[in-house]
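Visitor: Okay, so Swiss-Prot annotates it like this:
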- 14-268: domain 'Protein kinase' (DOMAIN)
- LEU20, GLY21, LYS22, GLY23, GLY24, PHE25, ALA26, SER27, VAL28, LYS43: ATP binding site (BINDING)
- ASP139: active site, proton acceptor (ACT_SITE)
- 311-336: region 'Disordered' (REGION)
- 386-505: domain 'Cryptic POLO box 1 (CPB1)' (DOMAIN)
- 506-613: domain 'Cryptic POLO box 2 (CPB2)' (DOMAIN)
- 675-755: domain 'POLO box' (DOMAIN)
Amino acid sequence: MLPVRNYGETIEEYEVQHLLGKGGFASVYKARCRRTYQDVAIKMIDKKLIHGTGLSSRVRQEVEIHSRLKHPSVLQLYTFFQDANYVYLVLELAHNGELHRYMNQQMSHPFTEADAATILQQVVAGLLYLHSHNIMHRDISLSNLLLSKDMHVKIADFGLATQLKRPDEKHMTMCGTPNFISPEVVSRLSHGLAADVWSVGCLLYTLVVGRPPFDTDAVQSTLNKVVMSEFIMPTHLSFEACDLIEKLLKKNPHERISLEQVLRHPFMSKRSAGAEEPQYNSSKPGACDFYMEAQGQSVASGDSGIVTFASNESRSSQRLRSIEKSAQSSSNPQMLPQIQEEYGYWQPSTEHKPYPMPLSSDNAEWERLGSKGNQPHTAASVITEEQQMRVPPLNTIRLQPTRYKTKNAIMSILRHGEVVLEFVKFRSKLNEDRVTDICRISGDGRRIIIYQPDPGRGLPIREQPPPPESHIAGDKSVYNYDSLPSKHWKKYLYAARFVGLVKSKTPKITYFSSLAKCHLMENMIDFEMSYYSGAKYVKTSPGEELKLYNNYGMLLSDLACPEAKKMIEHGNECFSHCINICNALELAQQSADSRNTCFPVTIGRRPLTDVSHSQRFDGLRDTTNIAYSTPKSHQGSINFSMSTISSVQNGSESVSSTHSHASRAQIQASQQNVPIKRINIPDVGIATELSHGIVQVQFYDGSMISLIPEIQGGGLTYTQCNGVSTYFPKYDGDLPLAVRDRLAQIPQVKLRLKCAPLLSNHRKADNIAMTPKSTTPSTPCYNRIVL
């Protein structure tokens with residue numbers, strides 16, 4: 001049992017002094033015990049707030065875990081009690097406050113590698129103690145590491161800690177501080193003790209560099225970098241420091257170095273000679289004596305829902321806990337946003353604000369988090385130009401060539417991966433827009449060339465970026481990533497955002513499930529599913545609302561309906577499966593020749609039950625075991641012409657028996673409206689231009705869009721995979737999402753068709769011969785594509 005006899009069991013037995021910190025559910029005060037005259041920190045948790053949000057059991061969970069612990073590197077919980085209004089936790093007082101605040105305000109510069117090794121040794125010793133008892137902390141950060149009077153590091157704040165039943169047990173909860181959260185936690189994959197190892201890597205990087213490895217101006221971009229494990233290793237670090245950081249920040253948790261190996265790493269030899277040796281030894285029989293039984297009721301495994309404080313004059317760690325995916329959780333997430341607003345939960349902090357878990361879909365909080373208090377230094381720190389950009393080097397590996405025009409710039413990704421930005425200004429003397437500035441960035445983001453073509457005049461806008469100028473001066477126009485002047489950072493950020501957008505639309509893994517075709521994009525966050533029934537599941541960046549569309553392309557507003565629940569359940573399963581596939585292939589790719597790549601990759605195939613035997617090409621060998629067909633249509637051929645439609649409606653007999661001028665004109669028009677151009681566009685489908693100006697695109701998923709010129713009435717016709725054809729008279733914003741997605745490919749299609757050669761006369765004749773002269777509804781013709 002806890003040695004509580006020396007500490008008071010009521011608040012009256014303490015002399016409460018000044019406030020140390022305040023949050024949404026609790027306040028922390030410095031106090032002195034009237035019995036022992038010892039200074040302590042008392043956290044007062046408002047019972048009304050935790051009962052109102054169903055977080056009572058989570059408070060007990062934190063108390064249960066923390067009260068069992070006693071180790072030199074763990075902040076001690078002396079005792080706890082309650083009255084009618086509050087739950088009181090009597091904690092060890094850390095006189096020198098948070099490590100984060102000490103580094104930024106007292107030192108105003110990073111730690112030396114020797115001091116960082118000393119701090120790391122104490123933190124690792126404390127984590128080894130926790131892990132030996134199957135306790136996962138899940139929120140190791142500089143704000144949760146406190147400094148005692150003798151400058152010993154103490155692990156604090158067990159609000160997110162969880163008790164594992166066995167060392168290999170996995171959890172699915174997304175929680176923690178964004179700058180220190182692991183990729184598997186962000187991706188909502190199963191995670192275990194290795195998540196704390198990742199946080200140790202972020203901690204070491206922050207100690208020796210002065211800022212977290214994945215720090216950005218916004219929570220969302222930070223999480224994106226964490227998922228991609230993109231960080232910059234400064235050149236001034238020693239080889240030992242770089243090696244240990246890289247081993248700690250392995251994206252695959254199974255590849256990370258163990259905590260025992262950290263203590264034996266050569267970097268730890270930099271530790272100061274007078275540093276205290278590790279006091280952890282799990283092999284000693286008495287080691288478990290410190291792991292004492294908790295008072296009170298045992299509770300189910302789950303997160304604490306409170307904000308904890310335990311440092312001198314510290315600000316709150318301000319984290320919003322996610323709900324465990326367990327039936328034992330009984331919190332009411334709908335009430336949390338109201339409490340956050342009423343009690344000032346989102347307070348500015350010099351450290352990255354925690355990521356609000358999926359309890360609210362309001363993106364306003366994201367904007368607040370991304371706009372304040374995310375600098376790695378305090379306001380008193382001097383921000384020099386030598387500091388690096390808050391965006392990692394871009395990377396265009398596997399991205400296809402593309403070109404996109406905005407009002408003021410034209411952005412391109414070339415075939416060899418180079419990114420080109422052409423900035424456009426209107427020249428009144430020439431009465432046209434001209435390219436006045438050009439920024440070229442290598443595919444790995446390391447080399448940047450900036451120049452002005454034909455100064456004063458600029459270049460005319462062309463279909464392709466202009467070639468690099470041969471007369472560019474060396475150090476005035478050519479930079480590397482680390483030496484890029486701050487005046488050009490916006491250009492680089494502009495390019496990085498463009499590459500990020502392209503990644504969010506470029507499939508990395510295509511997976512055919514039993515119900516849908518799934519695309520996991522290159523950024524490892526965006527995920528889309530096109531159900532074979534016509535429905536759609538769209539998952540984008542963390543914090544943005546999941547979007548579901550029914551078979552008719554209408555957005556589902558009620559995500560609690562049975563249809564939406566089934567789609568969400570299947571979507572989450574497929575997303576996790578694609579992430580696991582990606583991790584496995586990346587592991588195989590790392591062990592193989594670096595010149596070989598596994599991506600993009602297609603896994604599985606569309607179920608054969610969706611394709612009837614009669615829909616297959618006779619005499620053709622289906623190399624992918626799958627044939628897609630467009631649904632039944634009243635159009636006798638792939639050509640969308642009014643004469644063909646009329647011919648279909650009247651039947652073949654009416655055509656053969658009528659010799660009127662109108663019929664002859666219809667037949668003549670039908671024969672004239674033949675394909676004149678046809679190309680196969682990778683990742684899009686087969687595009688055809690007809691002699692009457694109609695442009696048809698047969699997509700690889702079996703759907704089709706026909707763009708009708710104004711002379712023939714205008715508009716477009718969209719045919720779904722399930723056979724439903726819809727005519728839209730205008731290209732307005734009311735189009736269904738499926739149509740808008742496909743229309744986004746049309747500029748590329750038209751550009752490719754413009755450059756495509758005309759079909760030969762032999763090819764035209766073959767096509768005319770293959771086109772049915774007439775078709776009745778009882779004998780439909782199917783347009784088929786074999787992939």
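Every residue gets a Cβ built from N, Cα and C, even glycine.
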Visitor: How big is the gap, in Å, between the Cα of ALA26 (ATP binding site) and that of the residue listed as 'active site, proton acceptor', rounded to a whole number?
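Guide: Cα-Cα distance, ALA26 (ATP binding site) to the residue listed as 'active site, proton acceptor': 18 Å.
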Visitor: Measuring Cα to Cα across LEU20, GLY21, LYS22, GLY23, GLY24, PHE25, ALA26, SER27, VAL28, LYS43, which the record gives as the ATP binders, how far apart are the two most distant ones in Å?
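Guide: Pairwise Cα check on LEU20, GLY21, LYS22, GLY23, GLY24, PHE25, ALA26, SER27, VAL28, LYS43 gives a maximum of 14 Å.
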Visitor: At a 10 Å cut-off from the C-beta of LYS22 (ATP binding site), count the other C-beta atoms across all protein chains.
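Guide: Total other Cβ atoms inside 10 Å, all chains included: 18.
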Visitor: Near VAL28 (ATP binding site), how many other Cβ atoms are within 10 Å of its Cβ?
Guide: 26
Visitor: So for ALA26 (ATP binding site), how many other CB atoms are inside 10 Å of its CB?
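Guide: The answer is 23.
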Visitor: Quick one: Cα separation, GLY24 (ATP binding site) versus the residue listed as 'active site, proton acceptor', in Å?
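Guide: The residue listed as 'active site, proton acceptor' has its Cα 18 Å from the Cα of GLY24 (ATP binding site).
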Visitor: Using DSSP reduced to three states, classify GLY24 (ATP binding site) as helix, strand or coil.
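Guide: Where GLY24 (ATP binding site) sits, the three-state DSSP reduction gives coil.
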Visitor: Roughly how many angstrom lie between the C-alpha atoms of LEU20 (ATP binding site) and the residue listed as 'active site, proton acceptor'?
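Guide: Distance (Cα to Cα, whole Å): 21 Å.
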Visitor: Within 10 Å of the Cβ of GLY24 (ATP binding site), how many other Cβ atoms can be counted across all chains shown?
Guide: 23
Visitor: Could you state the whole-number distance in Å separating the C-alpha atoms of LYS22 (ATP binding site) and the residue listed as 'active site, proton acceptor'?
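Guide: Their Cα atoms are separated by 19 Å.
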